[in-house]
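Here is what Swiss-Prot records for this protein:
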- Thr15, Gly16, Gly17, Asn127, Arg163, Ser191, Ile249, Gln294: UDP-N-acetyl-alpha-D-glucosamine binding site (BINDING)
Amino acid sequence: MTASQRTLMVMAGGTGGHVFPGLAVAHRMEAAGWRVVWLGNPAGMEATLVPKHGIPMEYVRFGGLRGKGLKTKLTLPFNLLRACGQSLAALRRVRPDVVLGMGGYITFPAGVMTALSGRPLVLHEQNSIAGLTNKVLAKFAKRVLVAFPGALPHAEWTGNPIRAELAGTEAPKARYAARSGPLNVLVVGGSLGAAALNEVVPRALAMLTPGERPRIVHQAGAKHIEALKANYEAAGFAAGEDVRLVPFIDDMAAAYAAADLVICRSGAMTVSEIAAVGVAALFVPFPYAVDDHQTSNAAFLADAGAAVLVQQRDLSAELLADWLRGQSRASLADMAERSRSLAKPEATDEVARVCAKAAGANLETLQ
């Protein structure tokens, strides 16, 4: 670190939905010459993932209360006090010019201590329904940013920071016009899989005639791939050129861009990535998400005719088969264009600019 180099502290952890957008901003700031330090939980995924990106870590131990037992709730005051002390110590060691909160349990004690220490705090809410931590911290933050309009009062709509390759894909109109033959459908269950999709999609395909069936790429998560293969075999399909079953996908930008339709859950980053690429989507929100935020995330696109939203309780093989019969590449291309029009491809740069400005930096350092 040089005497003139400014420092950004990113506080985020727990899930990829918090960590990956934080990493996108961190790398953008590093490219502009900033020093970046990450504040996370030693038990979270960030403790393993972030150091692989060459970013130094500071740690705070703090967990959530939802669904926890009486013992956890009784020890909350002690754990919160300890986390506040750890947060203050980290802030004193790092001495950041600005702190960016991207979500996760540790954001609460660290955000409180950031505000009390007089350092500028920038918050970013990834979901369409803000969590309790950000609702509280928004009262003390210098700038409040949201991925979906209306998630927090008096906030700036920047979108979700995403990987550059997702924002740089060819326009939907050109991609769809270049294709012929069966529709290309990508089914994404995520790293944990989505049992409802894994069961319903094969049965829906079996209800279609050979001429109606799309080509399928179905990602199920490593723990669910064998069960997925069994589901397709039970429906009369063997993995081959028209049915590809995979545990994970390395290049999601290419997978999204090659699809005419994506069938998936509606986590914040998934919705943002689909809009950035511009691809039609059928969202099946995870029914047990906190505050049912996945339904609200999906509705952002669905209400604009840019996607279709089906609740898991309503999803059936019959419904999916009937809906697929009614789709054409042209209708899906129209949906994809609407989706792309709602994207915020400059989100990473915009969040970085806000952080720089909050620290009193010249925005020309983020060219």
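Positions of Cβ are set from backbone N, Cα and C atoms, glycine also.
Note that the coordinates shown come from a computational prediction; the quantities given were computed from them, not determined experimentally.
If you count neighbouring Cβ atoms within 10 Å for each of the binding-site residues Gly16, Gly17, the highest count belongs to Gly17.
The binding-site residues in question are Thr15, Asn127, Gln294, and the one with the fewest Cβ neighbours inside 10 Å is Thr15. Neighbour count (other Cβ atoms within 10 Å of the Cβ, all protein chains): 14 for Ile249 (UDP-N-acetyl-alpha-D-glucosamine binding site). Taking the Cβ of Arg163 (UDP-N-acetyl-alpha-D-glucosamine binding site) as reference, residues of its chain lying under 8 Å away and at least six apart in sequence are, in sequence order, Phe20, Ala24, Ala253.
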